[in-house]
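Structure record follows, encoded as structure tokens.
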Amino acid sequence: MRNSAMQQLNPSEISALIKQRIGDLDTSATAKNEGTIVMVSDGIVRIHGLADAMYGEMIEFDGGLFGMALNLEQDSVGAVVLGNYLSLQEGQKARCTGRVLEVPVGPELLGRVVDALGNPIDGKGPIDAKLTDAVEKVAPGVIWRQSVDEPVQTGYKSVDTMIPVGRGQRELIIGDRQTGKTAMAIDAIIAQKHSGIKCVYVAIGQKQSTIANVVRKLEETGAMAYTTVVAAAAADPAAMQYLAPYSGCTMGEYFRDRGEDALIIYDDLSKQAVAYRQISLLLRRPPGREAYPGDVFYLHSRLLERASRVSADYVEKFTNGAVTGQTGSLTALPIIETQAGDVSAFVPTNVISITDGQIFLETSLFNAGIRPAVNAGISVSRVGGSAQTKIIKKLSGGIRTALAQYRELAAFAQFASDLDEATRKQLEHGQRVTELMKQKQYAPYSIADQAVSVYASNEGYMADVEVKKIVDFDAALISYFRSEYAPLMKQIDETGDYNKDIEAAIKSGIESFKATQTY
């Protein structure tokens, strides 16, 4: 039977079968995990192949250089180079790594200055971080969040009384150049010395000398002990300036997710948007309003949504039960620079709509010597009110009202020659409150300091003090209370409570101060 089957298959059929098999064989090469660089320009590379690349995946080049895939096209991939792209050439190989960008996280980064990839740039040796985490992460969902009800003291009387910031809030600092935006952010970090809040300062597109000055000031005040500085200077590639805020956010989230509180400052997001616009245009993405790409809103919303107050359940789940009954928070103070006070430009309006309030700093106020140059009329905190300490909440109502009435009356007073007694008193009180809100840089006020100042103003103890002497009077009053009423000040700082006994103690303290001092 077997022999007869062999006889039926003649040699010509065998050769035809073999030819058919050879013809059907697919010999075309498909580049899956390796590709070839076909174009290099301005920190952007176009790679032919890499069919398996993911969006945001790390791409490895020859010489240990890495890139990040941002454009996935039919037969090529557009990537930004994370580092010096001048060593790359057309024809070189590029490989998928299967990993997304990660940066080191943990307490080891406190006191250090790092770049957008978490590499130390302060000359203090390597960072021995035990953990790394993804730069791009999804923000906690609604179910895991908790309402903001604890304060972040910025140390500024004008902010803590009228525009309070809570833990887990996003409060925008917006203003023209040279209006004190960075100074306010640095003071907010210095004010956290005794609060236990860890800080991250992200410098985007700034001069290296400016960043060095900030670091020096933080070291002088002892604030560097609980602060990490992430620096993407003006001379760094656009890709680094684009990534720096996300890297800093991941470093801050390490503390939030473990039931601690953190504060992050993005200085400033206008420059990040410009860097992202540059990358997008080089990647040939279609431009939109002001030449920004269509997803510039998403650029900032996905970053700022990661700042949140998370519930104890979230922390417990994240730490696998290691931390219980602790909520965590990441508070964001993004900074936006406006051009000639134009807050209706594209990026400012985007960030205003994403954040929970804004602090407007004005050039005219700054030049008039009112520093911090906060415009209390259009500055607002949408959630901070519920986070204020009891004593500040109780006392600060009069400040906002006095300033609002003063602004309204000051406009009328320009045209009216004779003013009645009540109006004149309101104007004078408004002038004194405006003067009281002035504050020197690097001199944060504690809760107790603010309470004493505001109480003295509200109850008319400054009515007989000359306007130009208000600042000196206030400084002397605080100094007197710190030396003569130290236990009371300590109690207010620790509890934030306000009752009849505390009010009586503050009142008698101010009266005894006024009896000994003449202003």
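A Cβ is built for glycine as well, from the same backbone N, Cα and C atoms used for every other residue.
What Swiss-Prot says about this one:
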- Gly175, Asp176, Arg177, Gln178, Thr179, Gly180, Lys181, Thr182: ATP binding site (BINDING)
- Ser379: site 'Required for activity' (SITE)
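Looking at Ser379 (site 'Required for activity') and Gln178 (ATP binding site), their Cα atoms lie 18 Å from each other. Listed in chain order, the extra residues whose Cβ falls within 8 Å of the Cβ center of the ATP site residues Gly175, Asp176, Arg177, Gln178, Thr179, Gly180, Lys181, Thr182 are Glu337, Leu361, Thr363, Phe366, Ala373. Cβ-based neighbour count (10 Å, all protein chains) for Asp176 (ATP binding site) stands at 18. Under the three-state DSSP scheme, Lys181 (ATP binding site) falls in the helix class. Note on the binding-site residues Arg177, Lys181: the fewest other CB atoms within 10 A surround the CB of Arg177. Close to Thr182 (ATP binding site) in the fold, though at least 6 residues off in sequence, lie Thr210, Val214, Asp267, Ile335, each with a CB less than 8 Å from its CB. Fewest Cβ neighbours within 10 Å among the binding-site residues Gly175, Gly180: this applies to Gly180. In the three-state DSSP reading, Ser379 (site 'Required for activity') counts as coil. Of all the recorded positions listed here (Gln178, Thr179, Ser379), it is Gln178 whose C-beta has the fewest other C-beta atoms within 10 angstroms.
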